[in-house]
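Below is one structure; the comments refer to it alone.
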Amino acid sequence: MLGVLLVLHGSKIPEWKDVGIKYAEYLSKYFSLVEFGFLEFNKPTLSEALSNLLAKGADKIVVVPLLFATGTHFRRDIPRLLGIDNDEKKIRYMGREIEITIADPLGFDEKIGEVLVKRVNETYNKNY
């Protein structure tokens, strides 16, 4: 069964958890197993979110970093926190072999660009 694991950076500001909840709820309309975890500062951690997916029966997991570009978190921290080798992409859990695939960072997307235009216009209209 497919599990989706959203990765958020995290912050000492508690509102970050609200963002994770909202994105997980949105994706739950399309996928039955969705969890989110943070790289640092907040709970659930990435390993806690992974454990939740595994306990619910996921045997294939797509990890979706909510990051704009590759960097240390993408290349090193996410695989390390999930317990996978960059080349292997498999873990063992209670005798089961679990495949983990990490999606590319968000990068440039016109839909994200549209959100940026919307934010600029909202801010301008509210302040000028």
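Yeah, the Cβs are placed from backbone N, Cα and C, and that goes for glycine too.
In Swiss-Prot this protein carries:
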- His9: active site, proton acceptor (ACT_SITE)
- His9, His73: Co(2+) binding site (BINDING)
- Lys43, Phe68, Ala69, Thr70, Gly71, Thr72, His73: substrate binding site (BINDING)
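A map of Swiss-Prot features onto the structure.
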| residue | record | contacts (Cβ under 8 Å, 6+ apart) |
| --- | --- | --- |
| His9 | active site, proton acceptor | Trp16, Phe38, Leu39, Glu40, Leu66, Leu67, His73 |
| Lys43 | substrate binding site | Lys17 |
| Phe68 | substrate binding site | Pro105, Leu106, Gly107 |
| Ala69 | substrate binding site | Pro105, Gly107 |
| Thr70 | substrate binding site | Asp104, Pro105 |
| Gly71 | substrate binding site | none |
| Thr72 | substrate binding site | none |
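In this record, substrate is bound by Lys43, Phe68, Ala69, Thr70, Gly71, Thr72, His73; the longest C-alpha to C-alpha distance in that set is 23 Å. All protein chains shown were included, and the count of other CB atoms within 10 Å of the CB of His73 (Co(2+) binding site) stands at 17.
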